Amino acid sequence: MTVTESGSTEAAPVELVTLTIDDVEVSVPQGTLVIRAAELMGVEIPRFCDHPLLEPVGACRQCLVEIPDAGNGRGMPKPQASCTLEVAPGMVVKTQVSSPVADKAQRGNLEFLLANHPLDCPVCDKGGECPLQNQAMSHGNGESRFIDQKRLFPKPIHVSEQVLLDRERCVLCQRCTRFSEEIAGDPFIALLERGAQQQIGIADGEPFHSYFSGNTIQICPVGALTSADYRFRSRPFDLVSVPSIAEHDACGAAIRVDHRRGKVMRRLAGDDPEVNEEWITDKDRFAFTWSSQDDRLRTPLVRDPDSGELVPTSWPGALAVAARGLAGKPAGVLTGGRLTLEDAYAYAKFARVALGTNDIDFRARALSTEETDFLASRVAGRRPDVTYAALEAASTVVLVGLEPEDEAGTIFLRLRKAIKRGVKVVAIASHRTRGAAKLNAELLQVVPGGEAQALAGLQLGEQDIVLAGERLGQVPGGLTALTGLAERTGARIAWVPRRAGDRGAVEAGCLPTLLPFGRPVEDAEARADVAAAWSVQQLPATPGRDTAGIVAALAAGDLQAVVVGGLELADLPDPAAAAGALDAAEFVVSLEVRRSDVTPYADVVLPVAPPVEKPGTFLTWEGRPRQFETVLDTGALPDVRVLAGIAEELGAPLGVRTIGQARAELEELGLWDGARPAPAAAPPARGAGPVGTVTLDTWSQLIDDGRLQDGTGEYRATARPARLKANAGTLAAAGVEPGAAATLSTPSGRAVFIADVADLPDGVVWVPARSEGVHVRALLAAGFGDRVTLGPADGGEGA
Amino acid sequence: MSTLRETLWDPIAGFGVTFRTMFKKPVTEQYPKEKVPTAPRFHGRHQLNRWPDGLEKCVGCELCAWACPADAIYVEGASNTEDERYSPGERYGRVYQINYLRCILCGLCIEACPTRALTMTNEYELADDDRANLIYEKSDLLAPLLPGMVEPPHEMLISDDHHDYYRGKTLPIVEADS
């Protein structure tokens, strides 16, 4: 298990304590628990409640050891729980290895635990990977002396739609309740009743709706907590486990993927002390069925010119058609934010080498040129500066345009850990969210759009860190204020994008002004550098169009063709306009895992592999590379192979055909050490959005109906209810009763929500960006910071 | 050099064996025209047993698959629901396959079975000219319905408490209407 005291590079001098365990003298750092000290010298003391990342509690009493000398010359009269006992100089510890007393105590305790434990092993999901089963074998008696009726509870109860609890299997170690309270800050489950009836439970009507509930299933040392998803699905021995990286956010959480017969059965948290320790969000754990849905693309499709239908075609045929369609036309590339670093690199190279353009952008969302400049000058091609460990060592962490609980679960848990060490969290937001409350965050309340001013007024020191989410890029002057703050105060800043591939796309050069690793397009030296590495004569020298520019140029006919990676039109600032632009485009090549809303406009659809079926690398928000290998070998092609195929047909070979070659080239290119572009001095003012009565604040909650969460019934049921939040005055001014349905509308459309009163500034409403069937961007063509009209719901439409 | 005895006497002695055997009872088994019963504990084809009410004993625990040295067994478990119950308790074996091309009939699987769902019969005729036919599905392996058994899915007929099945409770005797 994880030993978490990795901290930072400076190693504080540790005071060592020398004690004797099983007649062996060992020296361990002061404050070490006896159970851990024994572990270090190779003696495994059986335990259930002890977990290195949780506070010691001594609940299960399994780790009893004999202490003939507590370090003061006197022995302890009875066996002691080694998981709550700190080492002391001169202490003598005798574990079950050398002490019959400890051995007998452990055997006795295990017999007690098993007295009420049902013989469920054949039907229990934990069977085969169960600490209780294993330790009953290694440290228990072969036979039970208990002949009475075991305590029975009615079979599993749902503590949430996803998490099931078999109370009779529980050994009351409280790992789950301690995790929920200490780590996640969601104390929805607790010990109820007393004596033989003692059990874990929830309050009436308060299900275990924590974003991190899946971790309790994994750390349960018996099979008491199981997931509805995985229940009775398979056995540990028929699973093949492969370490991988979660594809849902920019945190790069380590996961373990268990598969059987070409199908992923479950995902577990990996163990990476540097990144996610042993915890992952429920999204990382349960949302993996998206790539095996019925709309998965398996063969290339080409639009038949006569019938207008997409018809299955051979790979060589489809690549030839794609190349013929792209040849000679001015074309742009939209990659989306879900690509791995290698695939993003292939797109970046494809645009420059095969299409001869810098019209490439990964941002499938609202964006600004200010953001482009910020990414070029402050993000791309830099070594990790702010890391997870740095968050713990900071003095204040400021969150702006970022809701870590929803958008970056691993950062949220790290900050939860950090606040226990005295780190102060300041949230610049429209209201105090549940996540901010759990971080004990000081709220700097702003109206969406006012972040820049709030940043300009901040007083920070060099020990402070500002984490800026991608919404700050939509605030005019926001990122400029952030840069200014860093220069003014010396505080470190980090850009935390929402999607797993965003940071990788920045580094790979999927931006109109950037070549790989921060090389500016306009810098002749940088261009020559890349051209040499790519063995081409020259690269296009003028900066290209960004996503908005590409969409506008397609609509206007300035661009005639476009290559679209994995993006959703509904995420773009104006989905209808984007659809119109694709419709107007003469030739659309779509590289997709599943049929998407781009497919109807595509002339050639080329199926690509989802992350689980290919190797790759995600860059975390820190810039840390998180490499993973293929889990399922299905033969699906990565984007890099497909793009190489088109490029060859175009007569401009890409030079890389495999992930391995792309990795090697990236390695060879290395970081840019030349000059960086200075950010534009005056940020452009915000374009005129829809006119309305209130300002919209919105972001995607962790669990919503995003495309990467398709096919997960029980998990989706644990989503937070989609409520509109505004203060009482705002609601009253719009004529909306709290608890009643309210409408948000723009000229493009309307969306209906149930309204709740919350502590927002006047004239601001918050709604989840996507909730079951209600996609704010698609319905309203408005997003964060836009003006919308709030009114009572008149029609019968429900949200 | 062979001796005189080997050259002259031994061939005649050999025919003596033939001659004597002509008067003995033949040991040839006339299989497949006549079938000889096996030993009672012969390891033959497997059978998935049922409870007296017809519910399946298999809970889909996969311990048989785990025990199998030849990797001949494939099991997938699933949940019983209120509407569709195949076994007492929560779990049943949704998929059960034994590949007799691999099976070595060693019997470790039936030793592993915690519910006595899997036993072996004395049937030994496991040959076919099609490999696919030798992968036996659950439907091929399930024991035939005896009188009183009802084909699942159906609710628990012996007792509402699935533990009673394992305690050996049998079907309540219902007096026939006269």
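Glycine residues also receive a Cβ, built from the backbone N, Cα and C atoms like all the rest.
Keep in mind that TrEMBL annotations are predicted by a computer and have not been checked by a curator.
Because the structure is a prediction, the values reported are computed rather than measured.
Per TrEMBL, the feature [4Fe-4S] cluster 1 binding site maps to B:Cys58, B:Cys61, B:Cys64, B:Cys113. A sphere of 10 angstroms centred on the C-beta of B:Cys58 ([4Fe-4S] cluster 1 binding site) encloses 27 other C-beta atoms.
Its own atom aside, the Cβ of B:Cys68 ([4Fe-4S] cluster 2 binding site) has 21 Cβ atoms within 10 angstroms in the protein chains shown. Look at B:Cys68 ([4Fe-4S] cluster 2 binding site): DSSP puts it in coil. Per TrEMBL, [4Fe-4S] cluster 2 binding site is recorded for B:Cys68, B:Cys103, B:Cys106, B:Cys109.
As annotated by TrEMBL, domain '4Fe-4S ferredoxin-type' applies to B:48-78 (among others). In the predicted model, the domain '4Fe-4S ferredoxin-type' (B:48-78) has a mean pLDDT of 95.
Residues or ranges marked as domain '4Fe-4S ferredoxin-type' in TrEMBL: B:94-123 (among others).
Same-chain neighbours of the domain '4Fe-4S ferredoxin-type' (B:94-123): 37-38, 40, 42-49, 56-61, 63-78, 131, 134-138, 141, 166, counting only residues six or more beyond its ends whose CB sits under 8 Å from a CB of the stretch.
Summarising the environment of B:Cys103 ([4Fe-4S] cluster 2 binding site), the number of other Cβ atoms within 10 Å of its Cβ, over all protein chains shown, is 20. It is B:Cys106, among the binding-site residues B:Cys61, B:Cys64, B:Cys106, B:Cys109, B:Cys113, whose Cβ has the fewest other Cβ atoms within 10 Å in the structure shown. Shown in sequence order, B:Cys64, B:Ala67, B:Pro69, B:Ala70, B:Ala72, B:Ile73, B:Ile98, B:Ile104, B:Leu105, B:Gly107, B:Leu108 are the same-chain residues outside B:Cys68, B:Cys103, B:Cys106, B:Cys109 whose Cβ sits within 8 Å of the Cβ centre of the [4Fe-4S] cluster 2 site.
The shortest Cα-Cα distance between B:Cys109 ([4Fe-4S] cluster 2 binding site) and any of the binding-site residues B:Cys58, B:Cys61, B:Cys64 is the one to B:Cys64. Residue counts for the domain '4Fe-4S ferredoxin-type' (B:94-123) by DSSP state, with H, G and I taken as helix and E and B as strand, are 5 helix, 9 strand, 16 coil. With an 8 Å limit on C-beta distances, the binding-site residues from B:Cys61, B:Cys68, B:Cys103, B:Cys109, B:Cys113 that reach chain A are B:Cys61.
If you take the Cα of B:Cys106 ([4Fe-4S] cluster 2 binding site) and the Cα of B:Cys113 ([4Fe-4S] cluster 1 binding site), they are about 14 angstrom apart, rounded to a whole number.
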